[in-house]
Structure formats: structure tokens, C-alpha cells
Amino acid sequence: MSTESIAAHPQPVNKRKRKLQLAPYLFVLPNLLIFTVFIVIPTILGAVYSFHEYDGLNPMTFIGIENYAEIFTDVKFWQTLGKTATYAIIVVPLIYICALGIAILLVQQIVLKGFFRAIFYWPTMISFIIVGLTWRWIFGELGIINGVLEAVGKDSVSFLSDPFFAKLTVIIAAVWSRLGFFMVIFVAGLLAIPKDYYEAAHLDGASKLRAFFHITLPLLKPTTLLVVMLTTIEAFKAYPLMFALTGGGPNKATTYIVQYIYETGFAKQELGLASAMSIVLFVIITIFTVLQFKLTKGGEN
Amino acid sequence: MKKNSKAMFVLLSTLILSLLLAACGSNESVNSGDSGKKKTKLDFVWFSDGVEGEVMKEIIADYEAENSHVDIELIEVAYSDLPTKLKTMISGGKPPALARISTSEIGAFSSQAVDLAEKLGGVDGFTSQFLDSIKPYYVVDNKVVASPMDVTANGIMYNKTLFDQAGVEVPQSSDDIWTWDEFNEALKTVLNKSDAQYGLVWDFTPHRWSTLLYQLGGSMMNSDGTAATINNEAGVKAVDYFKKMHDEGVIPTSVWLGGENPNNLFRTGKTAAHLSGNWMISNYKDITDFEWGVTYMPIGTNRSSVPGGKFVMAFQKSGVEEEAANFISYLSSKEVNSKFNEKSLFMSPRKDSADLNYEFGKEMFALFADELNNTVPAAAEDWSKQDIVPKFSTDLKEGLSDVIADGKTSQQMLDEIAELINEAIEDTK
């Protein structure tokens, strides 16, 4: 549209406009450079690798779509992807509900509001590795919980050796560490809803619950879309937390897709195959995101 | 005002661009190694488990004093980053002159290594100075691809305080070594009659598990590496026994299922024994809460440890291959190698330096050396096949966990691993 309007204008204005348009590009230049060097180029390289047999060291040999064919018959890959999906199905709603719930509580006029917001936000500033270690010190064999159990004369429990408890620990740690970030987004979303709607609803005799379901939730649709999309992508990419907390165990119970790809690439030295897996994961996440976007009409009301 | 801000953008973006370019450029100037009047620079990629980095710095200082035209720079990386770092450097066309390397990486990088044979006095002349058991690791296709720096052996550390408390005495000489059943019973006694909470912690690696495999007469592949043997009767026995010790609570599941660090468990003073390797001597040196020692590993159909080690490799196309080889020759001399191992509390791979004057744990090193002298050839033969081992070792580790967690039977799991091994052998042909 902008090019059309420029073309319609006489020459001098056109020149002036062009000059002015340089600024925005300069604005994005630093980020664009970093994005190109660290995201775009590696992605293209990854796509190239995916059609080759490559160990990262010796010359690549082109093998066409053999890597992709191998993935489609690799039961472990799809099992791991299924496990990751299950994890996402549990973690995404949990983070959504907890973040929204806490955001609603913390937009009320309460004492020490800033303090509580900070407490929930702080964990998001800690790296996943530290979060993992921290929860390991709580649930681990030598962790605080077992220390307390022993102190009161009970037998210690090997939480992280039990698939169910290990998964639970990972979920708790993930929710704890990400909750604050999405709470802040919800707080912004909630504050953007005009107060008048609630006053009108109150005058009409609507209950708080009704107001929530008929005013808050619909008006939070764009925020909801953003949060669900981000948490879903995050859940599919989860690895550093499990790496530090469970190492993917017990017996692969918490080994999700990124760890599986990592192990294929770096432990088994099959970088070509691992690249193909990354591309498959990339396509799946893209389809999912586009679908979500379409279904919610881009989050517009 | 507009002009000002525009100038600032240009300035900013130029700055960022030049920073980025500078970051790329600096690498080149480091590696171009213009060898005119300046010193020859050797990049030496290094990782440390204990104090050996400091010892190496001393050795480098000595060498530089004698050879003033050489400047050796130690690039220290975490061991876990070593393969990636080396791969990046080599595939980027800027290989380091030298790298410290362990048995797990040596195979993958051997095609990039300088053949040191000529410099070090021929294949036979050089290898005859070192323990025979580690030869398959560093001699590939009759080329000396690396030089041994230290040798490692798997073995058992035990908590003497707990054993004394339970009134259990460990074998005093190689004549009265325990069988696995006797060892298992001894651990149960310690668990019952002392404050011990854990019997035996066992490093969470297939390499350490394989100690039991070799002791029970098994192997992963046949000696010429043409077929998998891991799923034979001995292999199944080794997995079954490993699972049995877990089921009976002698080995805690928290290591192989919970990913708990066995070193931490041993350090609590509530663990009777730890199956690991001689490198733990320097790690446990500072323990003061309880007494600990090294004892003989139990015997199956035979005794065995698993030999390993760390090596120094020189890389092709570094532009300083000659100087790198000279330095390796210096490192592998009796005097320098003995100094390195004595001060780092490692075991020397040299036949003529077996008896070093350690300031700590001399008798423990003697015991590890005894384990190494009673090791079956299959152990080094298997683990030196580093073009095949990485293709199944992760699956073996997971498979063992799976058996412990009742996911598969020993035979099922080993049959799957054998299939992977055979596939990998097929791929290398």
C-alpha cells in the first residue's frame, strides 16, 4: 500500500519519503543482524544437513530424504513426541490457569501488591538449569524433603526414581518458573479492560463469576492467544529444566523431544538425522501455531 | 534534531557491525600464526577433572623456558563441551594444534589427527613403552593418533568406617577376593549392621556397568569386531545380576533411575561402596568425616577392570604440526609424564613409571594397578571401537535403566542392543 501512495506522489516528495524511511530499517538492523546470524543462517544450514549424513566432522554425504524416511519409522521419536504432547497438554492449561488466577488476585487493591507481584515474577529471572538444580535439592535423594522425613524418623522417598513423581516434579518446577512471566502479561491485559463494563454488569446484577466469564475472558482473548501460543511452544522446546532436574529419567520418563534430538545429534553423532528431526518439530510447531491463530482469528474480538 | 538522530543510528549500526566483524576477524588473526620473527603459537584445548590443569601449566612453563620460540596457550573447556568445541574448530578450518582427549572421543577425531609414529620412534618403538591394554585406543590403522597421558581403571572405593562398624573385613590380598555373591552378602551385612543407608552406588554409565560384564566372561563384540556378543549368556547374566542387586536394595535406584550423583551419595558417609574409577581418589582426598579405602573388585568367572585413559592429540592442518609433535614427544617422556601423573594423582600409562611416589594414597594406586594387570583384553578391544560404541552406548544405558524399572527383560534389551551393534558394524564397512 505504501509503495502505491509513494508512486502516486510527485518526485520531490518521493525522495523525501525515501530518506525518512531509512530510519526504521536502521532501528531493526541490529536485531536483524543478530537474528540472521544466529537464527536464519543456522536454520538454513540445518535444513541442508537434514538431507545429508553428517557427523559434524567428516565430509557430508547427500542421502536425499532418507533421514526423513527414518524418522517416520522411528517409533521412539513418535513416542517421545507423544510424551512431549502429554506434558504440554498438562503444563499449558496449568500455567494459564495459575497465571490468570494470580493476576486477577494481584490487580485487586491489596496491601503489598508490588511485593507479591515481585515474588511471583522473580523465578522467571532464574535460568532453567538453576531452577532444575533448586528443585533437585528439594525433591532429590539428598534433598530437603528427604532430610525432613529422616529427621522425623521416616524412610526417605526416592521421588526422582519414580516416573510419576519425577513427572510431577518437572511440572511443578516448570509452572513455578514460568508463572510469573505470564502473570505479568495477564496483569497488563486485565488492566486494559475498561472498568465501566464491570460497573455496568454490577448494576445489572451480574455475579462476579458471570462478569468473569462474560467480560474478562472474552476481552482477554488476544492475551489468551499469546499466552497459550507461547507456553505451547515453550513446552515443546523444554529441555534445560529436565536436564538439570531429572536428566530425562527415570528411564526416559521425562525425556522430551528436544533432548531426544540433542542425543541423536551429539551423543550418537548423527547430526543429519537430528537436523531432520528438528525440521519435523519445526513444521509441527508451525502448523500448530497457524492453526491456533486461525481458530481464534488472530485473537481479535 | 532529525539529522542528529539519524547520525546516531548510522553510528550505532556501524558500531554493531564493526563489533560483529571484529569478533569474526580476531579469530583469524590468532590462528594465522605468522611465524616470522614472532613466536610459534600452539593452541592446546584442555579440560580438567581435578588439579591436572595446574600441573600442565607448570609443565608448559618449563617447556617454554627451554624452547623460547614456542608459545603454548591452554584453552580450557568443560569436558562436556570438548567434542563440540573441537568439531567447531575443525569444521571451521581452524583446528587447534593440540587437544587433551579421552577414550570416548579419540575414535571420532582420529581421522583428523597427525600420525605421530615417525616423531615418536615408530609404532612399535613407541607403543612398547606403554601398557599394552590401552594400545587399541590410540593406535588406529597402524597410526599413532594420540599419545597416552594417563591411564584409568575401574574399581571399588568403600567406606571403611561403615565396614568396621558392621564388623566386615574387605579382602586383604588378591588371594582372598570376594565372589559377587560374597560381595553382595557383605554389603547386605553392612546395610543391616551399620548406619549405612545405601549399599553400593554404581556410576550411571554403560562403561562402568561393563566391568561386571567382563568379570562374568562377557563382551560387547567379538575380538575382531565383526559381530555383537553382548546378548550371549554371559551378557544376560551380567544384566540379571545388576538388576538383582537393585531389586534387593543393595544398589539404590536413585542413581540409575533418579539420576542422583553417586559421588554425592558416597560423600554423605551413608554409602558402603562406590564402583567408579581411580580418578575418584583425588576427588575423595578431602573427605574427613569418615575413613575410606580402595578394595579389590569381586571375581566372576575371572577378574577384570576396564582400562581407559586420557591422551594428547595433534591435529592436521593446524599449520604447526611439527611443533605440536615436538611438544607431545616432550610430554610422553618418562620424566615429564611421571611428573604429570604424580602431581595430578593419576596413574601413568608408561610401563617404566608404574611405581610413582604419590603424596596421597600410594597403596590405593597399587590396588588399581593390580586391577588393570588382571583385565581381560576384551575390555579395551570393545571400548576402543569408537566408531561403533557411540551408536549404541546411550541405548545401552537407557536399556539397563529399562530393565531395572521392569520395562524389558535382560534378553530382550540385549537383543535390541546387539541389533544396533550389528547395524553400526555394517555401516562402517
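A Cβ is built for glycine as well, from the same backbone N, Cα and C atoms used for every other residue.
Automated prediction, rather than curation, is the source of TrEMBL annotations.
Keep in mind that this is a model prediction, so the values were computed, not measured.
Annotated in TrEMBL:
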- A:25-51: transmembrane segment (TRANSMEM)
- A:81-292: domain 'ABC transmembrane type-1' (DOMAIN)
- A:85-107: transmembrane segment (TRANSMEM)
- A:119-139: transmembrane segment (TRANSMEM)
- A:164-191: transmembrane segment (TRANSMEM)
- A:211-233: transmembrane segment (TRANSMEM)
- A:271-291: transmembrane segment (TRANSMEM)
> Any contact between the transmembrane segment (A:164-191) and the transmembrane segment (A:85-107), i.e. 3 or more CB pairs below 8 Å with pairs at least 6 residues apart?
Replying inline: yes
> Are there 3 or more C-beta pairs under 8 Å linking the transmembrane segment (A:211-233) with the transmembrane segment (A:85-107), counting only pairs at least 6 apart in sequence?
Replying inline: yes
>> Can you work out which residues elsewhere in the same chain, 6+ from the ends of the transmembrane segment (A:25-51), have a Cβ less than 8 Å from its Cβ atoms?
In response: 60, 62-65, 67-68, 271-272, 275-276, 278-279, 282
